[in-house]
Amino acid sequence: MQELKGKSVFGGIAIGRISVYNKDESTVKRVKIEDTAAEVKRFEEAKETAKEQLQALYEKALVEVGEVNAMIFDVHQMMLDDLDYVEAITHMIENQGINAEYAVATTGDNFSNMFAAMDDDYMKARAADVKDISNRVVKILQGKKDSVLDGDEPVILLADDLAPSETVQLDKSKVLAFVTRHGSTNSHTAILARTMNIPALIGVKFEENVDGRFAIVDGYNGSVYVEPTDDVVKEYESKKQEAEEKKRLLQELKGKENITLDGKKIKLYANIGGVADVASALQNDAEGIGLFRSEFLYLESNTFPTEEEQFQAYKTVAENMAGKKVIIRTLDIGADKQVDYFNLDKEDNPAMGYRAIRICLTQPEIFKTQLRAIFRASYYGNIGVMYPMIISVAEVQKIHAIVDEVKAELDAQGLPYGDVEQGIMIETPAAVMMSAELAKEVDFFSIGTNDLTQYTLAIDRQNPKLDDFYDSHHPAILRMIQMVIDNGHKEGCWVGICGELGADTTLTETFLKMGIDELSVSPSMIFPVRDKIRSTDTTK
Ligand code: PEP
Ligand code: MG
């Protein structure tokens, strides 16, 4: 038996035969062309066919994995029309008198290398996309078929890397798991894999000679066992059954209310980091989005995202959630989330430094751009907004004044917006102690236990040496939560928890007894928390 280690992108257990997928990267020959105009036309036609294929894939993905995840094929269609890309290819055909296949393949390689060399992880991930669209056009020019799997037996698919278009084309009934040498957790492929419910590992160093061998993929611990011993097979057969039974039982909770045995209902929302996470929130039956960490839009970008870019992102999330609540947290840049173009000074104590609302209140033009985008998007769904790292009533009043300016500007421009609930994060001890006064200013509180623990216990949440001291169950934290709930309720504010502690099922009963109104957790934790809520009796 051989054990290969990698990183899990999606859990689950698969047992079956390995199929090593080799991309059809047959060499593209350079050929001299006389009639370059005809060759450019041939390229243009292939490009159009590629777009038609991508449109078909978009429609397939739309049904299978939802609009947000299907969007990558829309993006691929746009990439095919990118002026720089198209010009590079046509110039190469015209100036060098070469065949379209060679010009497309070479340009694809050049652009892909350029993206791969960038510092930004998001841009790096685009290298695979440009390679993917170029391979598609080359295949069309070569008159090759567009397929990923053949054969009837379901297999564990091993590949160097899988492009998003390849992942979505996988016939799920034929794939037990997929395992790649490369790829990143943030890539679209990884996101699609999670959404498609296929156990998946990345970063697995495998040899080609494993092709056809029997294996087990453990998507929980990130291992592939090639030619496992009988004992290991037995062990995994029963683990697989257990996992399937657990999943099946949890799936039965789909559509069920988040209600305790004694009839207390609470809201169970999802935390997301970007537009792409909406699919998984919906698949896990989130009643809403309780925390949209909007700073990821800034982290993914090389420059300040424009109002329009942000508006489109927020609008897409609001529309996809179809009337369910979407709470956008305004940008929480600083501390561990650094962005070059903000030009923030190096600080000795960044967690206690110039971050989050402190940046927004001192650079209101950045804040207003985001608020305009959020309010404009609110017209298309049920949007709420919340502000991070609040320590005083004065800050909230300043925010309200800025929000009023933004609304007045939108009114003057005739731009519509909806009713936006406004809340604050309670993640500093000062906000806890001022919660009675703060509750008069806002519609809701969302307790950020990750930072509240770090600031209350004076323990840097980024320091692994302090992991054993970082105790979110500390009585000080639990008393603070109770205090915030009581003070919020006195003023008619609803109170939720969006920090990681909200998903801690050992505390669900405690939170319910405290009177919590909402828990916002990562999508995969919704069913386990719902399960806990439904088996709790708060009168006992
Ligand atoms: C928190 O601090 O608990 C929180 C939800 O915000 P973040 O983890 O993004 O700081
Ligand atoms: Mg926080």
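Backbone N, Cα and C atoms are what each Cβ position is placed from, and that goes for glycine too.
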Query = For the phosphoenolpyruvate site that TrEMBL assigns to ARG329, ASN450, ASP451, ARG461, which of the candidates ARG293, ARG355, ARG358, ARG479 is also assigned?
reply = ARG293
Feature coiled coil in TrEMBL, mapped to one of the ranges 5-32, 33-60, 509-536 = 33-60
Ask   = Where ligand 2 binds, which of the recorded positions ARG293, ARG329, GLU427, ASP451, ARG461, CYS498 are close by, with Cβ under 6 Å?
value = GLU427, ASP451
Query = Of the recorded positions ASN450, ARG461, CYS498, which ones put their CB under 6 Å from ligand 1?
reply = ASN450, CYS498
Inquiry  = On the 0 to 100 pLDDT scale, where does the coiled coil (33-60) sit on average?
reply    = 93
Key: Cα proximity to GLU427 (Mg(2+) binding site), best match among binding-site residues ARG329, ASN450, ASP451   = ASP451
Inquiry  = Please report the Cα separation of ARG329 (phosphoenolpyruvate binding site) and CYS498 (active site, proton donor) in Å, rounded to an integer.
reply    = 11
Remark   = For ARG293 (phosphoenolpyruvate binding site) and CYS498 (active site, proton donor), the CA-to-CA distance in whole Å is 11
Message = Fewest other C-beta atoms within 10 angstroms of its own C-beta: which of the binding-site residues GLU427, ASP451 fits that?
response = ASP451
